[in-house]
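K.L.:
This is the structure I want to talk about, given as structure tokens.
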Amino acid sequence: MNIAALLSGGVDSSVVVHLLCEQGYKPTLFYIKIGMDGAEYMDCSAEEDIEMSTAIARKYGLSLEVVDLHKEYWENVAAYAIDKIKKGLTPNPDVMCNKLIKFGCFEQQVGKNFDFTATGHYATTIRQDGKTWLGTAKDPVKDQTDFLAQIDYLQVSKLMFPIGGLMKQEVREIASRAGLPSARRKDSQGICFLGKINYNDFVRRFLGEREGAIIELETGKKVGTHRGYWFHTIGQRKGLGLSGGPWFVIKKDVEENIIYVSHGYGVETQFGSEFRINDFHFITENPWKDAGKEIDITFKIRHTPEFTKGKLVQEEGGQFRILSSEKLQGIAPGQFGVIYDEEAGICVGSGEITR
């Protein structure tokens, strides 16, 4: 079996290589380079990642190729993120990176020559009724199916997730026993292409700054100023620079550059129990096409270990609405609502939250 393995320089993808070699495979290793654009944003993390990936390749006597998808990334994923932010929405570039770059452009240029592509994502694949489904990982804290929820059937059918059945601690123990150079390396955080670059610096580069008012939702009183609505997301608590907190961002007026906040975590205006999903995407197929209008599901509206129980309502015209079993804080339009089966074992698909 001919396998392409994607390396990031981290412990997870390194253990993937170790496990594949243990099973008798000799995968071809690839590092996808996307990175920030511009000398003022130069960051050493990509160089460190490539050095670590090279060390793994050398340890197992495998070839490593650096695939430069910088142009494709910026024309697709970064442009998508900036467009959503400018509209006052909350994008998820990591979701689009997986769909369009790692399993899109890479597949078209390189992956098509291999039987499977193996990655260090915490996810699984499940064969059911003759079809491949995206399954959740053993480790609920590290599960990354919400970041994979926009891939299609052809993509999920070619993917291997060798560490999906392991807990994170088990992965680190394997790396330590195998003497992998990445065994003690910290997990990466934040958006995939930013490295150590500050998110606000990235946004400021493209959208600049424009002072606007921060207004208390209940009273209409101005309580502060901000540097641009695009620096803030629905549900945000930190970084507002207001005294007498806690304060939460409740909504944004994009036209007037106003941010509305509410005082105190338990304020009813912060919460909602339903939202709509635009352009819902089924990864494999719609498993409920013959069911009634309301289906019992679990779902996520942000990257957390917890699944929320609810109902998926299929409306006329192919639209979908989610009814949550509990109040939700910070429903952010632009983010992805990710839908799972009732047991939270299969990730069925996702769509953009429109509220």
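Yeah, the Cβs are placed from backbone N, Cα and C, and that goes for glycine too.
Pulled these from Swiss-Prot:
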type     : residues                                 : note
BINDING  : L6, L7, S8, G9, G10, V11, D12, S13, G120 : ATP binding site
ACT_SITE : C97                                      : active site, nucleophile
DISULFID : C97-C192                                 : disulfide bond
SITE     : H121                                     : site 'Interaction with tRNA'
ACT_SITE : C192                                     : active site, cysteine persulfide intermediate
SITE     : Q335                                     : site 'Interaction with tRNA'
K.L.:
At a 10 A cut-off on CB-CB distances, which of the recorded positions S8, Q335 has the highest count?
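P.N.:
That would be Q335, with the highest Cβ count within 10 Å.
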K.L.:
Taking Cα atoms as reference points, which of the recorded positions D12, C97, G120 is nearest to Q335 (site 'Interaction with tRNA')?
P.N.:
C97
K.L.:
Which whole-number value in Å describes the distance between the Cα atoms of S8 (ATP binding site) and H121 (site 'Interaction with tRNA')?
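P.N.:
Answer for this pair: 11 Å between alpha carbons.
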K.L.:
When you average the Cβ positions of L6, L7, S8, G9, G10, V11, D12, S13, G120 for the ATP site, which other residues in that chain have a Cβ within 8 Å of that mean position?
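P.N.:
Residues close to the ATP site, other than L6, L7, S8, G9, G10, V11, D12, S13, G120: S14, V16, S53, T119, S182.
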K.L.:
Between H121 (site 'Interaction with tRNA') and D12 (ATP binding site), what is the CA-CA distance rounded to a whole number of Å?
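P.N.:
Given the Cα positions, H121 (site 'Interaction with tRNA') is 8 Å from D12 (ATP binding site).
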K.L.:
Would you count the other CB atoms within 10 A of the CB of C97 (active site, nucleophile), including those on all shown protein chains?
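P.N.:
Its Cβ shell of radius 10 Å holds 26 other Cβ atoms.
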K.L.:
Between G120 (ATP binding site) and the residue listed as 'active site, nucleophile', find the distance joining the two CA atoms and give it rounded to the nearest Å.
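P.N.:
About 15 Å separates the two Cα atoms.
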K.L.:
List every residue in the same chain as L6 (ATP binding site), at least 6 positions away in sequence, whose Cβ is under 8 Å from its Cβ.
P.N.:
S13, F30, Y31, I32, K102, F106, T117, A118, T119, G120
K.L.:
Return the maximum Cα to Cα distance in Å (whole number) over the record's ATP-binding residues: L6, L7, S8, G9, G10, V11, D12, S13, G120.
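P.N.:
Comparing all Cα pairs, the maximum is 12 Å.
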K.L.:
Mind giving me a neighbour count for H121 (site 'Interaction with tRNA')? Other Cβ atoms within 10 Å of its Cβ, every protein chain shown.
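P.N.:
Result for H121 (site 'Interaction with tRNA'): 26 other Cβ atoms within 10 Å.
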K.L.:
Reported as an integer number of Å, what is the Cα distance between G10 (ATP binding site) and C97 (active site, nucleophile)?
P.N.:
18
K.L.:
To which of the binding-site residues G10, G120 does the lowest count of other Cβ atoms within 10 Å belong?
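P.N.:
The binding-site residues G10, G120 were compared, and G10 has the fewest Cβ atoms within 10 Å.
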K.L.:
How big is the gap, in Å, between the Cα of C97 (active site, nucleophile) and that of D12 (ATP binding site), rounded to a whole number?
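P.N.:
About 18 Å separate the Cα atoms of these two residues.
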K.L.:
Which number gives the other C-beta atoms within 10 angstroms of the C-beta of D12 (ATP binding site), all protein chains shown included?
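P.N.:
Within a 10 Å radius of the Cβ of D12 (ATP binding site) lie 25 other Cβ atoms.
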